[in-house]
Amino acid sequence: MSLVVFPFKHEHPEVLLHNVRVAAAHPRVHEVLCIGYERDQTYEAVERAAPEISRATGTPVSVRLQERLGTLRPGKGDGMNTALRYFLEETQWERIHFYDADITSFGPDWITKAEEAADFGYGLVRHYFPRASTDAMITWMITRTGFALLWPHTELSWIEQPLGGELLMRREVAAMLYEDERVRRRSDWGIDTLYTFVTVQQGVSIYECYIPEGKAHRLYGGLDDLRTMLVECFAAIQSLQHEVVGQPAIHRQEHPHRVPVHIAERVGYDVEATLHRLMQHWTPRQVELLELFTTPVREGLRTCQRRPAFNFMDEMAWAATYHVLLEHFQPGDPDWEELLFKLWTTRVLNYTMTVALRGYDYAQQYLYRMLGRYRYQAALENGRGHPVPPRAALSTA
């Protein structure tokens, strides 16, 4: 018996309502809940349509506003945690699903695959899917890089899409997350990082099911569209950097299929707009803060005041930069947040121009090997990462 949840904010009503109908008609789903950020056009559309969908499918459908549960910017975290609270306190269902509201390729298989994995005993089921080689740059350059550098011996950096909003969890896992103060506090985009980290830290068994058609959803323009998400996802990693992950988590993955051509050939962001953005919004204090970084990074970013530059930010320069950011970055400080954005942008542009342009397969191989090099570097450096006893480590072959 399962509850399906769609958190939403300013989505196209027709897309969300299609997904609600798909979920409500699924034989494994006993209730559908939409969690709105505010009472807007989408909220009212769901509110009007819910009774008809309930009658047609026999599945209760409802919509409610997210509660203010966290202490950071009100956002996705409050929405997902509101759903956890409802699930635990107002229902007796055994499982809860989360799906992003803007998915245009959502179908019953998303639910079926997750349910079947849960039937096999996994506590958390995550969906993963093919992405364009220049998409998911926060995932690759912030979250998975941070996991590899800080916890190289754990499963964290092996999880395909740790920021994915498509997942199923059993009731006991939902309770464990909701009772964790770190999770409830994270009211913003960092919630996905916290869900991933805490479940691995607590040894929850994880299965990743593959969605071959990919996650079709609304796209963004320049990297500037992702600035808030970038800042909040990095801040989430920074807040966890001294945590220890001492027990291995069982982690299995469904084997991926061939990547569709329309995904392999897609460009994930507007390169021209992003290049121009590097030269904007500079302050004297940002230039002063560059003194904390290595000489190539400092001089390279200073150049960006006059013209776009990014050749200096290769993967090793980014690793060194990442450690400086972990130590010195201050969430809520406008200059630090802008500098983080510029540094990350140069890394993404460097990767795009030196790796992604060589083709999809080459780029994917590079990204996985990059994480491997980061894990190895972290394991060798004294004081970096939090290794577990070798006898406890699971094979990742």
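Here the Cβ of each residue, glycine as well, is placed from N, Cα and C on the backbone.
Feature list (source: Swiss-Prot):
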- Pro7, Phe8, Lys9, His10, Glu11, Ile35, Gln66, Lys76, Asp100, Ala101, Leu163, Asp192, Arg218, Tyr220: GDP-alpha-D-mannose binding site (BINDING)
- Asp102, His217: divalent metal cation binding site (BINDING)
- Arg131, Ala136, Met137, Ile138, Thr139: (R)-glycerate binding site (BINDING)
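Sequence features, as recorded in Swiss-Prot, placed on the structure.
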| residue | record | DSSP (3 states) |
| --- | --- | --- |
| Pro7 | GDP-alpha-D-mannose binding site | strand |
| Gln66 | GDP-alpha-D-mannose binding site | coil |
| Asp100 | GDP-alpha-D-mannose binding site | coil |
| Arg131 | (R)-glycerate binding site | coil |
| Ala136 | (R)-glycerate binding site | coil |
CB within-chain contacts under 8 A for Gln66 (GDP-alpha-D-mannose binding site), separation at least 6
Pro7, Ile35, Gly36, Tyr37, Pro74, Asp78, Gly79, Thr82
Might you list, by sequence position, any residue in that chain lying six or more from Lys9 (GDP-alpha-D-mannose binding site) with a Cβ less than 8 Å away from its Cβ?
Gly36, Tyr37, Glu38, Gly75, Lys76, Gly79
To the nearest Å, how far is the Cα of Glu11 (GDP-alpha-D-mannose binding site) from the Cα of Thr139 ((R)-glycerate binding site)?
23
Within 10 Å of Thr139 ((R)-glycerate binding site) (Cα to Cα), which of the binding-site residues Asp100, Asp102, Leu163 do you find?
Leu163
Within 8 Å of the centroid of the Cβ atoms of Arg131, Ala136, Met137, Ile138, Thr139, which other residues of that chain place their own Cβ, given that this set defines the recorded (R)-glycerate site?
Asp135, Trp140, Met141, Leu163, Gly268
Leu163 (GDP-alpha-D-mannose binding site) sits from Asp102 (divalent metal cation binding site) (Cα to Cα, rounded, in Å) at a distance of 15
Quick one: pull the CA-CA distance for Met137 ((R)-glycerate binding site) versus Leu163 (GDP-alpha-D-mannose binding site), whole Å only.
11
Rounded to a whole number of Å, the separation of the Cα atoms of Ile138 ((R)-glycerate binding site) and Leu163 (GDP-alpha-D-mannose binding site) comes to 9
